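Taken verbatim from TrEMBL:
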type: DOMAIN; residues: 7-142; note: domain 'DUF1468'
type: TRANSMEM; residues: 6-26; note: transmembrane segment
type: TRANSMEM; residues: 38-56; note: transmembrane segment
type: TRANSMEM; residues: 76-109; note: transmembrane segment
type: TRANSMEM; residues: 116-137; note: transmembrane segment
Amino acid sequence: MKKGNIIASIIVIITSLFFYFNTMNFKKLDNQIIGASFMPRFYTTLLVILSIILIIKNLSGSENKVENSKKYFRYSIITMLFILTYLIIIPVVGFYSSTILLVFTLLYFAKLKNKVLLVSIPIGTSIFIFLFFQLALNVIMPTGLIF
């Protein structure tokens, strides 16, 4: 896993630097304190820092040994399939209904036993997204054919 982490970190660093330098072409309006390039630069810098930390951890030998790597790989693949299904059903069911279904499915898949949390976390997530993004920031979420 050491080689894979180091190679992935190097790829992330190169990609981040590419995108960071692409933000140099973003135009900044005269009355803007923070331009459109701020967030992409922030995220790419954060990715570079985290990738360097991952490289250092792998080279220093302080990597945690992962037991049952086949089991974790299977969980990762299943989670990716859930997310892919989520992306496919958003245009049909709508963003909020799909999000509730995805969060519920992921919590159930993670074997969350508390039924109150199993119901309240997905609903709370959708309510938060609605309040913050739709009402506060006026971001329109996709509606589906059904909802």
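Backbone N, Cα and C atoms are what each Cβ position is placed from, and that goes for glycine too.
The shown structure was predicted, so the numbers you read here are calculated from the model rather than taken from an experiment.
DSSP places the residues of the domain 'DUF1468' (7-142) in helix, strand and coil in these numbers: 104 helix, 0 strand, 32 coil. Each residue in the domain 'DUF1468' (7-142) has a pLDDT score, and their mean in this model is 87.
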